[in-house]
Amino acid sequence: MNFKIARVIVDVPSRQTDRPFDYIIPDEMRDWIEIGSRVGVPFGHRTVQGFVIDLRPDSELNFARMKPIQELLDLIPPLPMDLVKLAEWMSHRYACSMISALQAMIPTALKGKAERYIQLNEPSESTTDPEQTEEAVYAAPPLLTGEEERIVDYIKANGSMLMTTAHLSAHFPGQGETIKGLLRTGVLTETQMIKDKVRKKTVKTVTAAVSGEQAEAVLASFSAQARRQKEVLQFLLEVGVTLSLQEVLSTLHVTAGTVKKLVEKGFVVMEDAEVFRDPYQDRRFKRTDPLPRTPEQEWVYGKISEVLDNRAYGAFLLHGVTGSGKTEVYMQTIERCISLGRQAIVLVPEISLTPQMVERFKGRFGNKVAVMHSRLSTGERYDEWRKIREGRVQVAIGARSAVFAPFSDLGLIVMDEEHETSYKQEETPKYHARDVAIRRAKQHHAAVILGSATPSLESYHAARSLNNEQYAPMLLEMNARASGSKLPGIQIVDMREELREGNRSMFSRDLHAGIAARLERGEQSVLFLNRRGFSTFVMCRTCGYVAGCPDCDISLTYHQKSNNLRCHYCGYAVPAPSVCPECGSEHIRYFGTGTQRVESELSKLFPGIRVIRMDVDTTTEKGSHEKLLKAFRDKKADVLLGTQMVAKGLDFPDVTLVGVIAADTSLNFPDFRSAEKTFQLLTQVAGRAGRHQLPGEVVIQTYIPDHYSIIHASQHDYNSFVREELQHRKALHYPPYSRLILVTLSHEKLPLLLRMAENFTANLRGKAQQLGWFGNMDRFTRDVLDILGPVASPIPRIKNRYRFQCMVKYRGSLDASELVRSVAETMLNDMRDSSFQISIDVDPQMLM
Ligand SMILES: Nc1ncnc2c1ncn2[C@@H]1O[C@H](COP(=O)(O)OP(=O)(O)OP(=O)(O)O)[C@@H](O)[C@H]1O
Ligand SMILES: [Zn+2]
Ligand SMILES: [Zn+2]
């Protein structure tokens, strides 16, 4: 097929440009441009980056008015065809632009921006006399001043015809006007090209360029002064392979000059070779072999293998209690997938929080694994990504964006802790990695494993529902711990009772006794603080003043390290005041992070206790997690104290006590998922205790001891919790009995916003009525859509913009995303007020 036209999505984030634009494919690019290619194209007066999403033999548009593609940025398209298709689906499903979906799929390194370059003006072909040398063309007609000549000579002398405008102006300070003059008279021209944020890394390599027969004669020809050169050549001939220049220099203690002389003489070839930055190159991972499967693992493994072997789509919800050996199942099914010549993706909630997971996969699969880690440098991430794209690895492990790992023959996607909210991206594109994973698996006829000890109600309901949809996951359960150990006993302590009996400490008597016993026996404890809701704000105890952000309706957060107050939404920061700005009182209190308070209380109660604190403050540095966890594993501490971070995936043999300081802070959250979140957290932390030989014990402190999520968690009873929670959800038509779309409208002027929010909701309602969708959720029909609001958002003002929201609730097979998007678009087009914004969040996880 001879394609002349490429349809390109340009990297210009505006509603008007969210459609493909047609460009002519220049002849020399014909063989190279593919769907998924990244290109630089002229757009208005700029050059922008874009992605080819379709190829056409022809265009409906006038060829004369169409522009050609300016440059092709990679030889291998960064996006395989299936990801381009996936982006189209995402854009529809999540009501986001195509460019935002495509950008989410590539590493930051490839988010190129146009850079301006200056070059000598190449004469156009018609006027070029082949006899005329370059020199003649420039030197002759326009009479250059001395200054101008120096600039032109500098460009020539630097060999490259291309030089960034920035570089040139920096090299000739104060000569801006001269350079502009040269541009005006056409001696120089300026072009724009896309420059990537990071380049491939290369090293110089050297190889002997002398054949075996010649070797002796050549070596004999060296003079006595060239002894060092001779040594180098001899060495290279002996090893007989290409070595990095650095290696040669450090082995033989010679200078680069010596090697260069050999290159000049033609005895050695020096080249640039691409290298991959490997963030784990200095780390050794203990190799592990597959464990003999337990009977439960065997059954689960069999079910998944069937689908893998058939190369069919199949989804599984693996509900296994903590320590049941889910990770071992992931690894063994992945091994099977690889042996079939296919590749696998492992998704984990937040990879920097799960170093043990990375260790286990590296230990089993070695250099077959690429790690997509947010803490890696842009360059390192780019290289890990290239290993995937170029087929050098078979397994990718990473947080939600790893779902886009560009494998060519994907066979399996594993999503560990599938209930975690971090799988939902809160910025545009607001996708949920679970739904994207299922979609990708369908495209590839691959298997999906959603694993959790506490599956989300959405997944559980889908697996359980009677009118089993085609894509619903199959429920697989594992109820016993793989090691044979029992789940720990859990005790609930009523903190109100403690107070009544005169205990004002944050530790109940039972938890206190528990920690003391561990100290005596040389065992370890994990203390968990439910951070949500713990105060880090500043309050005056005299007048009740609370420091708030002037631009956002939210209180400022106290940061101990820098001793200032910061707004989490807009970044506003002020030094922490020492007296109340309102009444001048000195009784103004700073509440540090909850963990700091617990830590100081611990050392008061147990002098000499060794505590490792793990929270946002102690884990900002790269690798700090690993360090802290290793220290704990090496028994350099008695207590690991932390927030959510200590709840996940940790497996330490000597931890026999887990204490939950305040279980219910997350219950008081205005969110219909708060009971579910609390149950999940408690189950997860409790699961850290007694995983090996020593039996475990858990103490949960709470002010609401009779809340069903706490009671069921204390009995390890997921099924009863779910039954009760589903009843509440059903009564209120919350997910999984409906789906939600949260629409947030914002503007600086409150009265205007109010009117627009009313209008928007009315338009939406009207359109839904026309379609016959609108109705009360109590209605006994499958397809129905209801609209709640508008109301002020829970945070009514951010960055000086007021916010109103409305909630769309629907069920059945309605295309609600499309409805909301079209109403929003019509309204924005009619408004012509660019300051008015509508943000659409499909399947929201945070209702703020
Ligand atoms: N077949 C097996 N035989 C013996 N030990 C096993 C087996 N499978 C897993 N284990 C061990 O049991 C422990 C728990 O296994 P694993 O971490 O895979 O469970 P998990 O379900 O992923 O745990 P969690 O969800 O609590 O993080 C680990 O120490 C693991 O090495
Ligand atoms: Zn005050
Ligand atoms: Zn703010």
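Here the Cβ of each residue, glycine as well, is placed from N, Cα and C on the backbone.
As given in TrEMBL:
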| type | residues | note |
| --- | --- | --- |
| DOMAIN | 307-473 | domain 'Helicase ATP-binding' |
| BINDING | C540, C543, C580, C583 | Zn(2+) 1 binding site |
| BINDING | C549, C552, C567, C570 | Zn(2+) 2 binding site |
| DOMAIN | 575-733 | domain 'Helicase C-terminal' |
Quick one: which of the binding-site residues (C540, C543, C580, C583) have their CB closer than 6 Å to ligand 3? none
Candidates C549, C552, C567, C570 (binding-site residues) - the one closest to C583 (Zn(2+) 1 binding site) by CA: C549
Which Cβ among the binding-site residues (C543, C549, C552) has the fewest C-beta neighbours inside 10 Å? C543
For ligand 2, the binding-site residues of C540, C549, C552, C567, C570 whose CB is under 6 Å from one of its atoms are C540
If you draw a 10 Å sphere around the Cβ of C570 (Zn(2+) 2 binding site), how many other Cβ atoms fall inside it, taking every protein chain shown into account? 16
Cβ-based neighbourhood (8 Å from the centroid) of the Zn(2+) 1 site, residues C540, C543, C580, C583 excluded: R541, T542, G544, Y545, P581, E582, G584, S585, H587, I588
For C580 (Zn(2+) 1 binding site), what residues in its own chain, 6 or more apart in sequence, show a Cβ-Cβ distance under 8 Å? C540, T542, C543, Y545, E586, H587, I588
Given a separation of at least six residues and a C-beta threshold under 8 Å, show me what packs close to C567 (Zn(2+) 2 binding site) in the same chain. C549, D551, C552, I554, L556, T557, A573
Row C583 (Zn(2+) 1 binding site), column other C-beta within 10 angstroms, all chains, value 13
Cβ neighbour count within 10 Å of C540 (Zn(2+) 1 binding site): 21
Taking only the residues in the domain 'Helicase C-terminal' (575-733), give me the average pLDDT of this model. 84
Around the Zn(2+) 2 site recorded as C549, C552, C567, C570, what other same-chain residues have a C-beta within 8 angstroms of the site's C-beta center? P550, D551, I554, L556, H568, Y569, G571, Y572, I798, K799
